[in-house]
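A.B. asks: One structure, as structure tokens, below. Some questions next.
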Amino acid sequence: MTHVLGLLAGLALALGVLLLLKLFLDGNQQFLDTLERPENLFLAITLITCVAIYAALVAAISRPGMNEIWLAGVSGIVLVTLLALQVSLNVHLALGSKEHRSGGPLAAAWAVCFFIYMAYALLPIRLRHACIAGLVFSVAHLIGTFVLYPSYYPAMMEHLLSSIVVVGGTNMAGVLTHHPRELAQRQAFLETRQCVEARLTTQRENQQQTFSDSALISCDQPEVSSSKTQRQERLLLSVLPRHVAMEMKADIAGKPKDTMFHKIYIQRHENVSFDTLAAEHHCLRIKLLGDCYYCVSGLPEPRPDHARCCVEMGLDMISAITRVHITKETLDCLDGFYEVEEGHGGERNAYLKEHNIKTYLIVPGDTCRGNIPSSGLRKGLPANGNVSKEMRVMGHGSQHGKQNKLGFGETTEVKKDPEDEVNEYLMRAIDARSIDQLRTQYCTPFILTFRSPDVEEKYSRERDRMLSAYFVCSGFVYMVVVIAIAITLYGSGYFYTCVTVSILVIAIINGILLAEKNKTVPQCLRDFAVHVFENRGMAQALATCVVFLTFVTALSPLLFPVLVMLVMITCAVYQILTSVFKVAILSLVVACYLAISIYEAVHEKDVELTGRWLAGVLVVFFMTCLIAHSQHTEATYRLDFLWKLQATEEKEEMEHLKAYNQKLLANILPEHVAAHFLSTVNSDELYHEQCDFVCIMFASIPNFSEFYVELEANNEGVECLRLLNEIIADFDELLAEEPYKYIEKIKSTGATYMAASGLTKSTCDMKDYKHVTAMADYALRIREQLASVNEHSFNNFRLRVGINIGPVVAGVIGARKPQYDIWGNAVNVASRMESTGVLDGIQVTQEVRDILIAKGYPLTCRGTIQVKGKGSMVTYFLDGPRDPIKASIRNDINEERISSVNNFNLDGSVSSKKT
């Protein structure tokens with residue numbers, strides 16, 4: 001919008017200057033006599049009309065809410081006025097300078113070239129509309145030439161052919177300027193759109209509710225609503241408390257720190273006992289007796305609501321059980337505020353039965369507290385009683401809606417098509433994007449370099465994919481200049497020397513750039529082409545060289561004004577040139593032109609001064625327009641680059657965030673289980689799967705309890721837990737090694753570690769039982785690892801391991817806090833193998849022994865032991881790693897047995913067929 005406003009304001013100013021020059025530069029006649037001449041009157045009326053139209057358009061465009069349709073209409077009006085101005089200038093030049101060779105068709109050609117290039121480069125219209133406008137201007141110029149100039153005009157054919165070449169060349173230059181620019185902008189938009197689409201796709205899978213505040217270049221980020229939104233984040237937060245999950249994600253996202261120990265996520269909280277709840281509910285603890293907590297309400301200060309305070313205290317204390325046992329006297333004090341049921345306390349307690357004390361149980365649920373009127377609540381009594389104490393501490397109130405399984409709540413959000421979502425995002429971003437505001441915020445004034453050196457460095461290394469098009473266009477313009485001069489027969493030795501050298505240089509440059517991807521070209525030339533594409537300084541130097549060669553060739557007396565415009569167009573074509581560079585080049589070209597024009601006006605006779613002055617003013621204004629165009633184009637290119645850069649960075653940030661969540665979830669839930677809940681199909685259904693042949697291991701450190709003690713010297717036991725964390729972390733790191741890819745950690749409870757192998761089809765090897773041997777190797781390896789920890793920590797921890805195989809059911813339990821686990825008789829037996837084992841021993845069942853002994857593992861029979869719930873069982877100890885020699889011998893024996901069985905016929909005779 002600012003580009004169009006600046007163009008119209010500048011053009012109105014130039015038209016006013018032209019009008020004044022026309023009326024006052026002719027000193028031979030009076031002002032009115034000059035104005036009454038037809039060509040001058042027609043030009044004056046046209047100029048005044050154009051000034052009025054442009055003033056009205058500036059006022060109209062300044063209104064907010066202008067869209068593309070309005071801009072197209074305004075551009076159409078501007079094109080009509082330019083056509084009228086072209087016709088009036090043709091009439092003026094034809095009627096006023098028929099006898100001068102410096103006038104005529106060639107004098108009008110520079111005005112046509114100016115208007116044509118404005119249509120292509122400076123107006124916000126599509127290429128096809130610009131081509132139509134350029135064609136109309138060209139045809140109007142040719143028609144005017146035939147109508148206004150007689151056939152006997154001096155050098156009429158030369159002028160006409162040169163005009164056709166110059167006007168046609170300007171149209172081609174306009175096309176080659178408009179198309180690469182539009183193509184580059186469309187490609188930048190598509191790349192940005194792809195980044196935004198990938199970012200939103202990732203964000204739909206993994207968006208944080210609390211601190212997702214990134215935006216595109218200071219524009220408000222549109223909210224994303226989708227069925228997938230926050231799915232990964234909610235799953236993560238349903239497995240871990242938020243403060244733990246966020247801390248772990250921050251550590252994963254940050255740079256790894258080289259520390260001696262793994263980080264332990266343990267926080268010590270002082271005031272988390274029932275005493276805190278007692279203080280909130282105005283109760284006073286009397287004593288602790290074992291695991292019993294005694295408190296009263298109404299002491300030392302009496303309270304009329306003491307019974308209610310006690311009940312509230314009890315509900316918060318045992319929210320997991322939600323049973324508060326009260327007596328008949330307490331019930332009488334509650335005034336029916338709670339729903340109760342018979343407690344039958346006498347059946348469980350002799351004292352109650354002996355004293356005939358009738359008891360009741362508070363019925364849990366939302367209804368039991370919903371009937372309490374707000375006026376009945378005393379000061380200090382919690383109003384959100386339907387929310388547990390733990391939930392209130394975490395910041396959840398009673399207004400939270402029902403939660404679905406695994407934290408995926410019911411939502412009324414309307415599903416959006418991903419394509420529409422991306423389009424809506426871009427529309428909001430584009431509407432919020434102000435080029436002027438962004439230029440002020442991110443770029444230095446006029447120079448337009450980025451304020452951030454890092455961004456400027458990245459932009460300088462950005463490859464301009466249209467660089468070859470720029471040099472091809474400049475080569476074409478140069479050929480137009482050469483042909484136009486050759487037609488007028490003004491060639492000289494200087495001209496032919498310039499043409500020879502210039503064509504050779506321009507051809508070499510274009511050949512090198514076009515041969516970048518041509519493998520038949522020598523590698524050194526291809527490397528040089530790549531260097532030019534990737535080095536803006538080198539490309540700018542070559543572009544300046546081409547502009548200079550075009551200028552020195554265009555020094556023709558007859559065609560100088562129009563050829564200077566072609567030289568300026570050559571400079572404008574190169575988007576690789578910065579606006580400051582273009583200002584310097586254009587200023588030098590215009591200064592040389594004005595100096596030569598002034599010199600000719602002073603030293604030559606019979607020179608049409610009016611035409612020279614008009615040409616000079618129009619050339620200066622053309623330079624101003626090209627500078628404004630360069631500023632606008634470079635700002636657009638830079639901001640498109642910045643937009644794409646920030647979109648790419650946000651996309652990478654969301655991908656990293658997704659990777660962090662996936663990595664964290666992979667350490668909590670198996671990958672295939674996490675994938676089940678992250679999918680859109682049945683994600684709210686609990687996961688369960690039947691596994692037919694799983695190897696289960698329990699490993700514990702029984703004497704760790706002797707090591708653990710809470711003292712002030714060890715931070716109340718935290719340092720003891722830190723060492724246990726190191727041991728568990730070492731066990732976890734071993735699972736990342738290739739031999740143990742079949743094994744999945746199930747959980748660790750205290751000093752007990754549980755793992756299983758063969759939980760999926762890809763990890764259950766029913767042919768070679770690799771998942772069983774991997775578990776045996778892992779048990780031996782963690783025993784060695786614990787020995788290494790003992791050596792460095794000067795401790796004597798001892799490992800006790802139990803292994804069993806069999807069918808299990810794997811799945812997730814828990815709706816709010818899901819926990820992956822496995823169940824089955826095989827799991828129970830594996831646990832018994834560990835609990836009935838011996839220190840430093842790996843106890844296995846008969847089924848595990850049969851597989852391992854065939855694979856060459858040394859085992860020792862322990863004998864028959866009593867196992868709780870199973871009775872007598874024969875168990876074995878795994879003594880060491882696999883012996884490859886014994887395994888090979890056993891395989892050979894098994895193959896011989898199979899062969900011998902195959903050699904017998906059904907009737908018992910030996911077959912003669914050799915195996």
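Counting starts with 1 at the first residue shown.
Each Cβ is built from the backbone N, Cα and C atoms, and glycine gets one as well.
Among the features that TrEMBL reports, domain 'Guanylate cyclase' is placed at 274-324, 695-834. Positions annotated as transmembrane segment by TrEMBL: 41-62, 69-87, 107-123, 130-153, 159-177, 467-487, 493-515, 546-577, 583-602, 609-629.
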A.B. asks: Per DSSP, what is the helix/strand/coil residue tally across the domain 'Guanylate cyclase' (695-834)?
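C.D. replies: Taking the domain 'Guanylate cyclase' (695-834) as a whole: 58 helix, 38 strand, 44 coil.
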A.B. asks: Are there residues at least 6 beyond the ends of the transmembrane segment (583-602) whose Cβ is under 8 Å from a Cβ of it, and what are they?
C.D. replies: 544, 547, 551, 555, 557, 560-561, 564, 567-568, 571, 577, 609, 612, 615-616, 619-620, 623, 626-627, 630
A.B. asks: Could you pull out which residues elsewhere in the chain have a CB under 8 Å from any CB of the transmembrane segment (159-177), counting only those six or more residues past its ends?
C.D. replies: 104-106, 108-109, 112-113, 116-117, 119-121, 127, 130-131, 134-135, 137-138, 141-142, 145, 153, 469, 472-473, 476-477, 479-481, 483-484, 487-488, 559, 562-563, 565-566, 569-570, 572-573
A.B. asks: Can you work out which residues elsewhere in the same chain, 6+ from the ends of the transmembrane segment (69-87), have a Cβ less than 8 Å from its Cβ atoms?
C.D. replies: 1, 4, 8, 15, 46-47, 49-50, 53-54, 57, 60-61, 108, 111-112, 115, 118-119, 123-125, 129, 133, 136-137, 140-141, 144
A.B. asks: Just to confirm my parser: what is the rounded mean pLDDT across the domain 'Guanylate cyclase' (695-834)?
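C.D. replies: A mean pLDDT of 88 is what the model gives the domain 'Guanylate cyclase' (695-834).
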A.B. asks: Are there residues at least 6 beyond the ends of the transmembrane segment (467-487) whose Cβ is under 8 Å from a Cβ of it, and what are they?
C.D. replies: 158, 161-162, 165-166, 168-170, 172-173, 176-177, 179-180, 495, 499, 502-503, 506-507, 509-510, 513-514, 516, 532-533, 539, 542-543, 546-547, 549-550, 553-554, 556, 559, 562-563, 566-567, 569-570, 573-576
